[in-house]
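J.: Features from TrEMBL:
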- A:7-28: transmembrane segment (TRANSMEM)
- A:34-52: transmembrane segment (TRANSMEM)
- A:73-91: transmembrane segment (TRANSMEM)
- A:111-132: transmembrane segment (TRANSMEM)
- A:144-167: transmembrane segment (TRANSMEM)
- A:187-209: transmembrane segment (TRANSMEM)
């Protein structure tokens, strides 16, 4: 029963939700709408679970003096302080904890926002280093990949067109990158998308039919 | 060749330094490289131009501060474009780290239009967790999914929301997104199901993923990364941060291409020469 009941609920709800897509009658659409609205609440609980998990994993790491444990202290301090300040601001501002002038807004603008942007900006430096050290052209396929990468990379920026402006329009880098993106890239991407969609449908069917049970307790 | 041996053992911090200088220099002294407006960007501009003046448009800004250089210029220009057409704009955010940033950007642009009032001409409904589930629930009613706006006001009481019921209230969805949940989910859950025409602005790295949707007509126009944002600025006759950033990006791309070629040149030498 411990296993059969969740499987039966999953199958019933799965079939019902598929049905709601094709049957607009309110006997189906109203409960389906309710279930969809409930999903938002379930997802919101995920944040609570996620927060609790961060606390558990990092407290455990600090207790066991795992490598880099001092960073875990910093992480937890950041989490707790931000949460506490947000809660205080929320009470003081009647919910508007990110209003102009609040401490939470200051943390968001001056800590979270620049740090987040900085992490992403570092990619430019690491891509340059990886391009120099790791992008090895050892096979014909790797050569084609490198050629396509170079053409698209240069064709996407104004300098590519500027360097080839003396060529006929279809031979300019901008036009070549446009063709690569619209024809071979698009065909490959479409194949991947269709393959992934078929995979999702198959997995969905396996879950509804009770063949796929790993979501219950980790078993196959 | 001794030069190549030096390069083979080159400390990568030199590469970081060169990249840093190449990005910094054009930001301080712009090169003003010429931009061409490509078809996906023109499609984006045309789709917004075709929206009847004064109608209400849905705009979803699904990003956080990591996407500032690419997403913020798109948001600014699109929001300015819509307000300039006297459209009313309803904004949502599906990324938890995004609402503060998006609100700052929108407020900054709205200040350029002193006659446009918050709650009357535009509203920021803020963030709601739930990803695709939120998109589907918005199909039952926008205010069902967002009963309060970002500033805590009852969204049903706002004048801008009086004519808004569900997706049928909008002639166009403008999605500016840097990942999940974003353009792909809006196409799958909303465009395909509710037949809401849409345009999208996405990061350069994810742009290839959306070309099939662009070709099928599910997306009417696409801004890909900073280049797309800069082309949009050019099409609108603006000179914003994306246009300024394109010079830096051009030199950055050139340097990465140079690194690929040089790295392979060095390592293609015979083993004896390298040892």
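Using N, Cα and C of the backbone, Cβ positions are placed for all residues, glycine too.
Predicted automatically and left uncurated, TrEMBL annotations should be read as such.
Keep in mind that what you see is a predicted model, and the values were worked out from it rather than measured.
Mind mapping these onto the model and telling me what they sit next to?
T.: Residues 51, 54-55, 58-59, 62, 97, 102-104, 107 of the same chain sit 6 or more residues outside the transmembrane segment (A:73-91) yet have a Cβ under 8 Å from a Cβ within it.
Residues 135, 137, 173-178, 180-181, 184 of the same chain lie 6 or more positions beyond the ends of the transmembrane segment (A:144-167) yet place their CB under 8 Å from a CB of it.
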J.: Using a Cβ cut-off of under 8 Å, list the residues of the same chain at least 6 residues beyond the transmembrane segment (A:34-52) that approach it.
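T.: Residues 13, 16-17, 79, 83.
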